[in-house]
Amino acid sequence: MALYGAAAAVLEGLERGEGGIKTLVYNSRFPLYALVSETLRYSPVLEKLLAGAALLQAEKKLPPQLAKVLVYDLLFGKGLKCGGRWKALARRHRARLEAELARLKVQQKVSRNEDLLAPAQAANAGASQVPRYVRVNTLKTCVDDVIDFFKRQGYSYLGKAASVEELRALSGKKFLLDLHLPELLVFPPQTDFHDNLLYTSGHIILQDKASCLPAFLLAPAAGCHVIDACAAPGNKTSHLAAILKNKGQIFAFDVDTKRLATMNTMLMRAGVTGFQLAQQDFLTVDPGDPKYSKVTYILLDPSCSGSGMVNRGPREEAAPSPERLQALAGFQRKVLSHALSFPALRRLVYSTCSLHREENEDVVQAVLQEHGSAFRLVNAFPSWPCRGLAAFPGAESCLRASPADTLTQGFFVAVLERHEEGAAAPSSLPVATENNVQQGEGTEPGAAPKRRKRKKQRVK
């Protein structure tokens, strides 16, 4: 029942304007994003059902937002996962609610639940039909063992994908190894693993494919010192730790105390060691502090408009004003320039979940004009299908991602590398391309992971 209460609290927070869906869901410490976003998407339909069935009049102690969550999961989701009086209440009114849903479909001359949605909501639903990506946490297990585990649970493994179209065609209990990232498994959209043993034990991380690109392309060598500048909620941090094989040091910064506390719990569950969390604005971190004198890699994923996120809540700004975009871009330029001032820095990855050129190519261009004598853009991952917009010469070295083209969230990634005189030789600074990447045991992007003789914490 705590899950539904927390989801209702998020909906109430959105109604009061206390923050966006991502922030409120994260602060709740429950895996609620799908439940909340889908309840929001069906909100107009749910309001009609509640009114038609007179549920709130019959159950005066039932809070309206909790009623929406319960009815969504009862009629549109995967069935109620709670017990106690609320489940008994929902079941008591189930026949009336189902009859009202049938009446609504007849009234609107539709046969599917999805057809009850307004055109804008239906379009958003299409955008959200990206696969369920599952990153294998190699700090605790390996790809082969996770594949075997899912096969024992009744899933059919189809091998390594050869194209995006194969990912698009996934259905039922079938899954693939991703065609680009060697430790990423791909399942049909909406597959739910939040209650799966592998997830609750930290053996797998539920992370969108595009969100895996920054750490993958940064590719820090084991033993290095790394900064995750805007770290919460921590998926990228745990990915960095896996690439480092827990050898080295990660400095992770975020300004929100609650987010850091939740992030600490998640990292511990994932088996991450050798990290320091700090409640601090990265812009206030002194690059000259001896503590960071060995930092050679920085992952920078700063605050952005979030315009690439699918299933955005109604109170989140899908089309920020020009003034808002300029303010965000100004902050992003400032924080990227600050990151490049760390004296030992060799490589940096800059990423956003934004579709706007102002936050992406324009930021990179402006900062390269300031730091171009010391840093250059790396043409990382040449086989990635979507490149940067032609905003300046060389912008095609950047990567873009989208639901339509790459079956991911909307995303932007740029890799910058030091090239001034006296920098380390290229051989000690591997670039994350098809021909040279430190990923697992020398696995190249897109290659199937090598079978490992020693297996970690086999999950039975």
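Cβ coordinates are placed from backbone N, Cα and C, and glycine is handled just like the others.
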Inset, instruction - Check each of the ranges 87-114, 311-338 against TrEMBL and return the one annotated as coiled coil. - result: 87-114
Legend entry - Cα-Cα distance linking GLY234 (S-adenosyl-L-methionine binding site) and CYS353 (active site, nucleophile), given in Å to the nearest integer: 15
Legend entry - Cβ-Cβ under 8 Å with the coiled coil (87-114): same-chain residues at least 6 beyond its ends: 1, 45, 48-49, 52-53, 55, 58-59, 62, 70-71, 74-76, 80, 122, 125
Inset, instruction - State the count of C-beta atoms found within 10 angstroms of the C-beta of LYS236 (S-adenosyl-L-methionine binding site), not counting that atom itself. - result: 25
Inset, instruction - Pick the one among the recorded positions CYS230, CYS353 whose Cβ has the fewest other Cβ atoms within 10 Å in this structure. - result: CYS230
Legend entry - Mean of the pLDDT scores, which run from 0 to 100, over the domain 'SAM-dependent MTase RsmB/NOP-type' (122-419): 92
Inset, instruction - Would you give the longest CA-CA distance, in whole angstrom, between residues of CYS230, ALA231, ALA232, PRO233, GLY234, ASN235, LYS236, ASP254, ASP281, ASP301, the set recorded as binding S-adenosyl-L-methionine? - result: 19
